[in-house]
Every structure is written in C-alpha cells, then in structure tokens.
Amino acid sequence: MGENDPPAVEAPFSFRSLFGLDDLKISPVAPDADAVAAQILSLLPLKFFPIIVIGIIALILALAIGLGIHFDCSGKYRCRSSFKCIELIARCDGVSDCKDGEDEYRCVRVGGQNAVLQVFTAASWKTMCSDDWKGHYANVACAQLGFPSYVSSDNLRVSSLEGQFREEFVSIDHLLPDDKVTALHHSVYVREGCASGHVVTLQCTACGHRRGYSSRIVGGNMSLLSQWPWQASLQFQGYHLCGGSVITPLWIITAAHCVYDLYLPKSWTIQVGLVSLLDNPAPSHLVEKIVYHSKYKPKRLGNDIALMKLAGPLTFNEMIQPVCLPNSEENFPDGKVCWTSGWGATEDGAGDASPVLNHAAVPLISNKICNHRDVYGGIISPSMLCAGYLTGGVDSCQGDSGGPLVCQERRLWKLVGATSFGIGCAEVNKPGVYTRVTSFLDWIHEQMERDLKT
C-alpha cells in the first residue's frame, strides 16, 4: 500500500482469501450455474485445505532435503559455481565436472616452510618425488600457479619435511614424452615413498628482496625509497585511494572493498617505486582487469581480497620489486613482529592521507585474543588476522586499505596480510584487521592461471 492510499478495511478471515480462492473464475455450465459456482467456492477451502497444507509441508521438506544435499558436501568437492557435489577422486582428474572447469584448477601448490611441490590427485594432496623429475617440468608447475616462468627447482630430503608433507607421494610418469607433460596432475602416478629419498622444491618468481629497513601509520616512521619496493599506490581518477602489493610484473593484490562498485579498470592507475605522493616522477600504470572475490561480504568484510592486472608489465629495479606470496600451510606464529606500510592518515581523525609513505612494526595477534568480547567480540573469521598493539598507539589507518602486512622468513619478505578494516585508528583493544593471504592462495593462483591460459 502506498503512503497516499486510503487505509484498508479489515476483512473477516477466511481460508478462501488466504489461498486466493476468491479470485477463482468458474464458467457456468447449467441454468443454475451461479448457485453451483457459489456452492463450489464454499466447499473448496474445506476440501482442499488439508491437501494444500500437506503440499506446502512436502515442498518445504523437499527444499530442505535438496539444500542439505547440495550444501552438505562432506567428503566431496562442491562446485563453487553451482550446488553440484562431485567425488574428490573426480577433482583434478582431467575431466571438467564443474561449470567452467573449476575442478581442474587449483591442482598444484607449493607448501610449507620449504616450498615443497605438491599435486592434488587421487583425492588428496601428494608431495612430488624428485625421482624422474626434470628441470623443465618446473615451467609446467609454475604455469599452473599462474606464473609464466620459474626461477629454480631443487630437491630436499624427505626427512627434512614437516609431517603433513611426507605422508603421500607422486612421481612424474617416466613413460610420458616430455611434450605430453602439460599439466602435472595428468602426468603423475601415486607411490608409497620416494626411492631417491628426496622431494621437489620450487620457486616461481624472484621476490621478497629489498635494500635494508630502518613505528602506519599511526605511531609510524617515514619510509625510505626502496624500503618497501612492493608497495603500490592505487589511484582512482588520479587520487590515491588504497594501497596494494606487487606480486608479479602484472599483478597487484589489494582489498575487495577498495574496488567494490569501483571496478572499471579505466578509472584506475597504479604508481609504484615512490615514497611521496606529491611531485613524484613515478609513471602511472594503466589497469587492464580487476577481479574481486565472488564471496566478498561488504557488511562483514569477509573474503576482502582483490587482484588488479596491469595493462603492461612492470620493470623491476631497486625501487620496484615483488613481495613473495606465502606457501600453503605456512604458519606465522602469534607475536611475530611484522610490518605494515601505506599512505594512510598519521593521526586518528585526520582524514587525509599522508603525503609520504609510512611504516610500522606490528606483532601478530591470535584470532582467539582478537575475538575476545573486549576486542572484536567474535567477528574475526579464520580467513582474517589481527596485528598491532592492544594498548593502541600503532596501527594502519584510512588510506592504507589493501596495503601490505609483510613478515620476514628466511631472509625473504612474504605477504601475510592485506589491510582490511579496524575501529578507529590505533585505539585500545582495536588492532588492525587484515585479510589472511594464506586463506586465499588457491583463489589467487586460479585467477592468474586462468588469465595465463587466455
């Protein structure tokens, strides 16, 4: 009813009106058709009400059972593009069972502290033995991760592996001609152990290096040129809006909330290799494609991750370098001191972005502590992480959205988080909240692999 409509007169309740039977039109078939029609109408509710009720209950039960079947894929793989469930054995088997062939992606990964190569086959992840491994197979593996080339492939003793990486193994089928090895999950066979006692490690890109380091950034320090060479300024119609992280010559990681509703590539430019946003000589790079996570939840900021593809590749130098992605199953302990950077406001409430790049050291905080009722009260999901000080004073702020949270491991800087949200800036019991990159490695690599194939 519209605001200007007269108030409706309340009609006495009847099952006829409830089920729309008052609207039935019955053609007369006898001289006393009007009386017959009236009689039929009076009988319909009583006659059909039990049937209608039973029908509705059956429909509800059918829907519930159907949804239960579709969404409860226990022990199976659920296609993201539909409600279809397939057996795990059908994933990465060379046959596209899901729409758009999604079950034939995410079939290769690099895992653990040692960057061990694993292949998904026969319903589980299995570690690649170095037996029958040839160096040029690394190109195939890296292509399945979305990288156009590789840097190095080495071997590591099985005894040096973390427990989950020495349970199941595969090797390349040595009977296959080299030109037939175009996808690792089509080219391996399962084995109980590695005869050589060694497995394959893989590095697809030279990353995570910088020239030294010297507290966002509220409580932060001004950064030096080349100190955070993967830092990107994402500019919407010429104005800095968010931060990002360079991971390849073509790809930038940022937050989905930065690009949601602002997803036209031509409206964006990227600048890298700079500290000052004012009078800087750094060229602007055009954006070709923007992809944000399909399950991004604006109200809860879940799945807050996006990728930008540049129209042309970056040229790496001392001022521009990619940061490493972490490996699958790689853990970063609570309390580990990591670093966040960006052009965010340096004072809470200041509003404007800082004209110069700042950085701050922030310790990682467990999700258990971050979900305490006095902190974020249970809204932090496993795909998020917190970093900062519960006492306040140092944090990432507006303008740092999408920017990097990096940790150093074995002399390499790794992208552990992308700045997502927080309450205020550097407030007590309100540390910064970041998208946990390890939770989205499969998604990142799938987007890059799909693009590489086009």
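Placed from the backbone N, Cα and C atoms, the Cβ positions cover glycine too.
The structure displayed is predicted, hence computed values, not measured ones.
Taken from Swiss-Prot, the feature topological domain 'Cytoplasmic' applies to 1-48, supported by sequence analysis.
Outside the domain 'LDL-receptor class A' (72-108), and at least 6 residues removed from its termini, the chain residues within Cβ reach (under 8 Å) are 117-124, 141, 144-145, 183-186, 294, 442, 445-446, 449-450. As annotated by Swiss-Prot, domain 'LDL-receptor class A' applies to 72-108, with the evidence given as sequence analysis.
Around the Cβ of Cys73 (disulfide bond), the number of neighbouring Cβ atoms within 10 Å comes to 16. Per Swiss-Prot, disulfide bond is recorded for Cys73-Cys85 (among others), and the stated evidence type is similarity to another entry.
Per Swiss-Prot, the feature disulfide bond maps to Cys79-Cys98 (among others). Cys98 (disulfide bond) has a Cβ environment of 20 other Cβ atoms inside 10 Å. DSSP classifies Cys98 (disulfide bond) as coil under the three-state reduction.
Cβ environment of Cys92 (disulfide bond): Asp103, Glu104, Arg106, Cys107, Val119, Phe120, Thr121, His185 lie under 8 Å away, each six or more residues apart in the same chain. In the three-state DSSP assignment, the secondary structure recorded for Cys92 (disulfide bond) is coil. As annotated by Swiss-Prot, disulfide bond applies to Cys92-Cys107 (among others).
As annotated by Swiss-Prot, domain 'SRCR' applies to 109-205, with the evidence given as sequence analysis.
Residues or ranges marked as disulfide bond in Swiss-Prot: Cys129-Cys194 (among others). Cβ neighbour count for Cys194 (disulfide bond) (all protein chains, 10 Å cutoff from its Cβ): 21.
A C-beta separation below 8 Å, combined with a sequence spacing of at least six in one chain, links Cys204 (disulfide bond) to Val110, Ala138, Ala141, Cys142, Leu145, Phe147, Ser149, Tyr150, Val151. When secondary structure is read from DSSP and collapsed to three states, Cys204 (disulfide bond) falls in the coil class. Annotation comment: Swiss-Prot describes Cys142-Cys204 (among others) as disulfide bond.
The local packing around Cys207 (disulfide bond), expressed as other Cβ atoms within 10 Å of its Cβ over all shown chains, amounts to 21. Positions annotated as disulfide bond by Swiss-Prot: Cys207-Cys324 (among others).
Around the Cβ of Asn221 (N-linked glycosylation site), the number of neighbouring Cβ atoms within 10 Å comes to 14. Per Swiss-Prot, N-linked glycosylation site is recorded for Asn221.
Around Cys258 (disulfide bond), the same-chain residues six or more apart in sequence whose CB sits under 8 Å from its CB are Leu234, Leu241, Cys242, Ala306, Ser401, Gly402, listed in sequence order. According to Swiss-Prot, the feature disulfide bond maps to Cys242-Cys258 (among others), an assignment based on similarity to another entry.
Its own atom aside, the Cβ of His257 (active site, charge relay system) has 22 Cβ atoms within 10 angstroms in the protein chains shown. The active site, charge relay system annotation in Swiss-Prot covers His257 (among others) and is backed by similarity to another entry.
Long-range Cβ proximity for Asp304 (active site, charge relay system), meaning a same-chain Cβ under 8 A and a gap of 6 or more residues, is found for Ala255, Ala256, His257, His293, Tyr296, Ala418, Ser420, Phe421, Thr435. Per Swiss-Prot, active site, charge relay system is recorded for Asp304 (among others).
Annotation source Swiss-Prot lists disulfide bond at Cys338-Cys407 (among others), citing similarity to another entry. In three-state terms derived from DSSP, Cys407 (disulfide bond) belongs to an extended strand segment.
Under the DSSP three-state reduction, Cys370 (disulfide bond) is assigned to helix. What Swiss-Prot lists as disulfide bond is Cys370-Cys386 (among others), and the listing cites similarity to another entry.
When secondary structure is read from DSSP and collapsed to three states, Cys425 (disulfide bond) falls in the coil class. Around Cys425 (disulfide bond), a 10 Å sphere centred on its CB holds 25 further CB atoms from the protein chains shown. The disulfide bond annotation in Swiss-Prot covers Cys397-Cys425 (among others), and the record cites similarity to another entry as its basis.
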So how many other Cβ atoms are close to Cys386 (disulfide bond), meaning within 10 Å of its Cβ?
26
Using a 10 Å radius around each Cβ and all protein chains in view, which of these disulfide-bonded residues has the most neighbours: Cys242, Cys338?
Cys242
Let's check the environment of Cys324 (disulfide bond): how many other CB atoms sit within 10 Å of its CB?
21
Could you say whether, by DSSP, Cys258 (disulfide bond) belongs to a helix, a strand or a coil region?
helix
Between the Cα atoms of Cys324 (disulfide bond) and Cys386 (disulfide bond), what distance do you get, rounded to the nearest Å?
20
By Cβ count within 10 Å, point out the most packed of the disulfide-bonded residues listed: Cys79, Cys107, Cys407.
Cys107
Nearest recorded site to Cys98 (disulfide bond) by CA-CA distance, among disulfide-bonded residues Cys73, Cys129, Cys370, Cys386, Cys407:
Cys73
Does anything in the same chain, at least 6 positions from Cys129 (disulfide bond), have a Cβ under 8 Å from its Cβ, and if so what?
Phe169, Val170, Ser171, Arg191, Gly193, Cys194, Ala195, Ser196, His198, Val199, Val200
